[in-house]
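Peer 1: Have a look at this one.
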Amino acid sequence: MRHCLLQRAPSVPRTARRRLHLAPPFLLDNYTPRYLGLSSRDAAKKRSLAYAHLRNCNLCPRQCGVNRHETTGMCLIGDTAKVNVIAPHFGEEPCIQGHNGSGAVFMSGCNMRCIFCQNYDIAHQRNGMDLTPEALAEWYLKLQDVGNVHNINIVTPEHVVPQVALSILHAAELGLRLPIVYNTSSYDSLASLELMDGLVDIYLADFKLWEPSTSKRLLKADDYPQTARESIKAMHKQVGDLCFTGDGIAKVGLLVRHLVMPGREAEGAEIMRFLASEYHPDAHVGKKKRRTKASGAVEGAKGQTEPDEGDPDVRYSDINRAVTNEEVSVVRKAAMEAGLWRFCDPPKHGGFVI
Ligand code: SF4
């Protein structure tokens, strides 16, 4: 067979067999962070907008309307950002963490109350140190110059958007040259995303749940699905599809993550985004239920009655387990049928994938 093909080849003009190999549209030659393209006038506008938001905070869908110089709203964080950990981080997608790590800045506090939170001690208990935007900016420079990380990754920034905006503007003046990753639950307001427009390069956005009733129970926010849909659309409008340089490191665009939840694969199938490969519930999940003095009946938080599924003595027992392969498969199959194809699979050799 091979011999026949070789015999036929001379009759085909060489030029007719040549093919054009165009680089895929998501491959970049090089990249300059968006904040370096801001004019000084735009930077000044962002600064004054950031201070205005702090004086009357409606930065997220909680719409507290408080003056954060004087008091706190639902997120329990005032005008100074509280930070738990600043370090090169290797727990992100390969295209974000690369070989040197992502420069993670874990913000304490949160505007959500996910009952399975994996950073419960940081997000709910607000452990951390207070840092001004100027101090934050200096840490970004340390991550860049000493840590040699690939990006600055602000984890859970939704409730400290003004402080983060001010820190990025200051860091740009100090010499920051790395892309900014906005690592969010997607429980953002359009106003805060507008403030971040021009400052963020990569939106690393969760899309957790689809149903308002499930969101109410597990996230304590029944408007989450609608908010996430609007936020993710706004993020995509700002930065477009995820783009990489030739080394496999993401530089700009939107990357949506979906944590497949036990028994909630139908919601995952609706959401159709990236799949998570690991899940371990924390925070309130799996803890023993309290018993009321009067009736002896078991209760959830603040006296709420929880659905009687699974172990009756354990809180949220229906999601107190790892997801099964079948649950992941349902969501992945639905993603493929919906036309999605750039999946982030864990490397079989345990290393970095390009
Ligand atoms: S960021 Fe905090 S204070 Fe502002 S609206 Fe959201 S929860 Fe309320």
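Note: Cβ is positioned from N, Cα and C throughout, glycine not excepted.
What TrEMBL records for this protein is below:
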DOMAIN    106-238  domain 'Radical SAM core'
BINDING   C110, C114, C117  [4Fe-4S] cluster binding site
REGION    285-316  region 'Disordered'
Peer 1: Which one, from the binding-site residues C110, C114, C117, has the smallest tally of other C-beta atoms lying within 10 Å of its C-beta?
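Peer 2: Ranked by other Cβ atoms within 10 Å, the binding-site residues C110, C114, C117 bottom out at C117.
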Peer 1: Limited to the domain 'Radical SAM core' (106-238), I'd like the whole-number average of pLDDT.
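Peer 2: Its mean pLDDT is 91.
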